[in-house]
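S.K.: This is the structure, below, for whatever I ask next.
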Amino acid sequence: MKDLLVFAPEVEQALAANRPVVALESTIITHGMPYPQNLEVARRVEATVREAGATPATIAVIDGRIRIGLDDATLQGLAETPGAQVMKLSRADLAACLALGRTGATTVAATMICAHLAGIRTFATGGIGGVHRGAETSFDISADLHELARTPVTVVAAGAKAILDLPKTREVLETLGVPVIAFGQDALPAFWSRDSGLAAPLRMDDPAQIARAGLLRTDLGLSGGQLVVNPIPEADEIPRATMIPVVEQALAEAEAQGIAAKSVTPFLLQRIFELTRGRSLDANIALVLNNARLAARIAAAMA
Ligand code: PSU
Ligand code: MN
């Protein structure tokens, strides 16, 4: 198994010494944010993990090899490559990308799989995939939800974007037996806003409790990870009312253009960035950094 993975030296050393490591995904870089902000954010997230006392491991497939930790030149190359040229990898695509010798960015699902293979138990991202609006006809439910149910990694996110159906996403996570733990509040956060108007199923206020819950799931023989939903800092949040018309417009354009399958989430994210240029991106950056800090504290408690 391990020979399929290529470790960055600092990540390998940190894991060998049982020091905290935080996995980071790469689809947010290639399909989630525009260049050059994507590169700047990827670097700042890594720096934030380091400042918080953990080692960052950005995960991607480069020329058919799973890389656990990227050097800066590789990170830059990935950020500069147009998203259309990089495979978007979920559980279904990972082995195929290796067999084809291609380059691919890992979604939350694929990053969880690779992190688990590498022995990393904590992972920070921005938003997860979920149940799309209109899923009752489109059947569009992200594989991220099923991955959370089967792979033992603690994922720190800021909730799910309003492009998704939040009540249905919460229901599916409950059905799949995924703990959804709000950090420090009772409400489920909604990405750009701190409060979705829905209650979070679980709440914890201490990163050490979150770490312990993750380890106890494994001790209990429960497969699967846990989702930690961390509200965006107050100073950076955007009121829900501001985002609703933007999201509605992006969804209407996706429908009119017949966008389907893997293209749906990247299309919506890109249109929202274009429509709000500046504000939604600033909020997105702030919440990713905030998640990186919390993940580092959880990883330290687990190590
Ligand atoms: N949601 C965001 N930003 C993102 C993604 C989702 O707010 O960058 C990315 C993540 O990589 C996530 C993936 O795992 O999109 C989900 O894609 P899909 O909906 O096709 O499963
Ligand atoms: Mn989908």
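Backbone N, Cα and C define each Cβ position, glycine as well.
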S.K.: Which single residue out of V61, V108, V131, V156 does TrEMBL record at the substrate site shared with K88, S142, A143, D144?
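M.R.: Matched candidate out of V61, V108, V131, V156, per TrEMBL for substrate with K88, S142, A143, D144: V108.
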S.K.: Would you kindly give the Cα-Cα distance separating D140 (Mn(2+) binding site) and V108 (substrate binding site), rounded to the nearest Å?
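M.R.: Checking the Cα atoms of V108 (substrate binding site) and D140 (Mn(2+) binding site) gives a distance of 16 Å.
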S.K.: CB neighbours of S142 (substrate binding site) within 10 A?
M.R.: 24
S.K.: What is the Cβ neighbour count of K88 (substrate binding site) at a 10 Å cut-off, with all protein chains included?
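M.R.: The answer is 22 other Cβ atoms.
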S.K.: When the Cβ positions of the recorded positions K88, V108, D140, K161 are compared with the atoms of ligand 1, which fall under 6 Å?
M.R.: V108, K161
S.K.: Give the helix, strand or coil assignment DSSP yields for A143 (substrate binding site).
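M.R.: Helix, per DSSP.
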S.K.: Looking only at C-alpha atoms, tell me how far E25 (active site, proton donor) is from K88 (substrate binding site), rounded to the nearest Å.
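M.R.: Taking the Cα atoms only, E25 (active site, proton donor) lies 11 Å from K88 (substrate binding site).
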S.K.: Which is it, of E25, D140, D144: the one of these recorded positions whose Cβ has the most other Cβ atoms within 10 Å?
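M.R.: Compared across E25, D140, D144, the most Cβ atoms within 10 Å surround E25.
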